[in-house]
Amino acid sequence: MANPLYRKHIISINDLSREDLELVLQTAATLKARPQPELLKPKVIASCFFEASTRTRLSFETAIHRLGASVVGFSDSSNTSLGKKGETLADTISVISQYVDAIVIRHPQEGAPRLASEFSGDTPIINAGDGANQHPTQTLLDLFTIQETQQRLDSLNIAMVGDLKYGRTVHSLSQALAKFNGNHFYFIAPEALAMPNHILHMLNEKGATYSQHANIEEVLPELDILYMTRVQKERLDPSEYANVKAQFVLRASDLIGAKENLKVLHPLPRIDEITADVDKTPYAYYFQQAENGIYARQALLSLVLNE
């Protein structure tokens, strides 16, 4: 059977069918159980981060090294020709694509990875996050973690809490989970940071069900997954940030009455929306979730670069 992801650009989670997602997750499970340290040797992958990142960049680079490939790139675009000399993104990508087998790109501008894919020729572009738009590889590790903890991706009750307006992780994850049957979403956010209408419209089109709530407590007993997010200071003006940053904070005492199988996830970094006492509960799974980023990204890279 042909690999449908070979040399494919991964810009949006909507670029992947349910079958594609299942292939990535199966591959991730295999690589987690049985590492393959020479699978991508001697390929070279560019890591181009035009926006600050810790987990995504390091997990991508770890994934690349553990598959036997080499990584080149930058984590601060201000020291590149684009940053210092005014080179266009199109020209930057046109040149880098001549050097490498794939390009991982994070950019603050929505649509930048899609634009990059128009100038990369045959070199695949993998979106590591573009503004408030999409974060498909975070979604892959989230799906992998949900499947790992719940043994399924359908018929789940999933709460998404916090910044649902600017949080690209919840945009991508809700769209991905809508490809699976029977999932219900509980959206819990301040009115100013509610899930955008275009995401709700997409869920309606796919037949997914959702409800919107003012607090976690009223839905907690129903939940299988509680997906917390931080309020993104960098995308808000100071007065708006001050008004909403502490509106939804999860404490260990809030988890009394939760289902035994509940897992609390977070794309990280957290600020103060999950208190440290939650870390000691059996529900906390966000650090294991972060580790799973290595396996999900290994799986995607191996499928994109191996026929």
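Each residue's number is its place along the chain shown, starting with 1.
Placed from the backbone N, Cα and C atoms, the Cβ positions cover glycine too.
Keep in mind it's a predicted model, so treat the numbers as computed, not measured.
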### Message
If I go by Swiss-Prot, which of R34, R106, R114 binds carbamoyl phosphate at the same site as R55, T56, H135, Q138, L268, P269?
### Response
R106
## Note on the structure
If you count the other CB atoms within 10 A of the CB of P269 (carbamoyl phosphate binding site), including all protein chains displayed, you should get 8
### Query
Any idea what the Cα distance is from R55 (carbamoyl phosphate binding site) over to R230 (L-aspartate binding site), rounded to a whole Å?
15
### Query
Of these binding-site residues, R106, R230, which scores lowest on Cβ atoms within 10 Å?
R230
### Query
Which residues of the same chain, at least 6 positions away in sequence, have a Cβ lying under 8 Å from the Cβ of R168 (L-aspartate binding site)?
G129, D130, G131, A132, N133, Q134, H135, Q138
### Task
List the same-chain residues at least 6 positions away in sequence whose Cβ sits under 8 Å from the Cβ of L268 (carbamoyl phosphate binding site), in sequence order, or say none.
R55, Y286, A290
### Query
Near R230 (L-aspartate binding site), which of the binding-site residues T56, R106, P269 can be found within 10 Å, Cα to Cα?
P269
